[in-house]
């Protein structure tokens, strides 16, 4: 299946439109984005395959999507844990942390130990606004994920990848190829360097938005908040 | 299945706990409540049974849940329309209206005409805080819904019913018995007067909350935001 990609600049503009013209709050958008991430995890890795989901969160909205996903995963019967080395300043992130703490979801400090006991990893470190370079602790974090054998779902983009030009040529992330990717609202250009299962999530766009940004999105089935758009391979979306 | 009911006073206290202690915003709670309503509609009345869903919204949070549900229904491929005779003041309701308008969901003025062309009706007029009496235009609204033959899903409580003591003894609502009811977070006491399909929605409580309010909730299956708790009949929940 061929899907048009949205540039990093347009993705930022689309988010702005949703909030400034569309009437959306960040709370609402993040709730639905995180919900779709949780559904992709369930599809890739149902609780019967192992309940220990490690969600690695970055300092921005990609990390917030991960926090929301972890909350839903806890409700689905998983035992998620969170690695969140650098918390962002938005008060929403603090509230999401409170919600998780109230569900007894642990925030862990030791990533290598956490990876050893996890069945599946959600990479919610960086999203469409990442252009590099990685700053500590993230080169280490990416290297640890990259060198593990745990299956990974990346949110919006494989973290460390440039959203336009894909994986770094060398260093942390240069060999990072997650088992699955969930693009939020629309695929980002770097998806053409990606091989693996590919989902789309963020079922909240309007026709005027998809027209404005010239998106050509697939139909979500039934009540699903995700749609699988096939296995992506190099050179095509 | 027997489920404990939560009193109107405790339901209000629970909502307050979620927001003041639990880290939840009204945007988040309403998003998940409305999402569960939309899933109950889909279960009761899939799009192949007719796409014209009339959502009747009251001035408070019950109406807000209806607005969110309508947005999801539009995304599922239904053609919802909204009757919203008395809009509440919270700015969130205005934003939800904007979201719906951007999806080309119409706000209609003539309830009898709207009922005639609808396949299914969502009663999102009053919820757990309603204690009567009905004030205009709602006695007329309830009478018009009550005297129609359209199948109805009520949100949290059949509107016009006292949340504790059930249907009014006479006048509008005294013969109102919707085909389905979705209780949000937990059933309200009036459910014992209710006959019909009964769903539970609002999958966001923590153990400390269910313990505090002595709730005994069923397990939600898979990733569902609703669970059907059987057909309720008089004298039992």
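Cβ coordinates are placed from backbone N, Cα and C, and glycine is handled just like the others.
When secondary structure is read from DSSP and collapsed to three states, residue A:65 ((6S)-NADPHX binding site) falls in the helix class. The (6S)-NADPHX binding site annotation in TrEMBL covers A:61, A:62, A:63, A:64, A:65, A:127, A:128, A:129, A:130, A:131, A:132, A:133, A:156.
Note: residue A:123 (K(+) binding site) has non-local neighbours A:56, A:145, A:152, A:153, A:154, A:155, A:158, A:159, A:178, i.e. same-chain residues 6+ apart with C-beta under 8 A of its own C-beta. DSSP assigns residue A:123 (K(+) binding site) to a strand segment in the three-state reduction. Taken from TrEMBL, the feature K(+) binding site applies to A:62, A:123, A:159.
Summarising the annotation, TrEMBL assigns domain 'YjeF N-terminal' to A:11-217.
Reduced to three states, the DSSP call for residue A:132 ((6S)-NADPHX binding site) is coil. Recorded residues residue A:128 ((6S)-NADPHX binding site) and residue A:62 (K(+) binding site) have their alpha carbons 8 Å apart, per Cα-Cα distance.
In this structure the C-alpha atoms belonging to residue A:130 ((6S)-NADPHX binding site) and residue A:62 (K(+) binding site) are separated by 10 Å. What surrounds the K(+) site, by Cβ distance within 8 Å of the Cβ centroid and not counting A:62, A:123, A:159, is the set A:56, A:58, A:63, A:66, A:124, A:125, A:126, A:127, A:154, A:155, A:156, A:157, A:158 from the same chain. Of all the binding-site residues listed here (A:128, A:130), it is A:130 whose C-beta has the fewest other C-beta atoms within 10 angstroms. Each of the binding-site residues A:63, A:132 was scored by how many other Cβ atoms lie within 10 Å of its Cβ, and the smallest score goes to A:132. Within the model, the domain 'YjeF N-terminal' (A:11-217) shows a mean pLDDT value of 97, rounded to a whole number.
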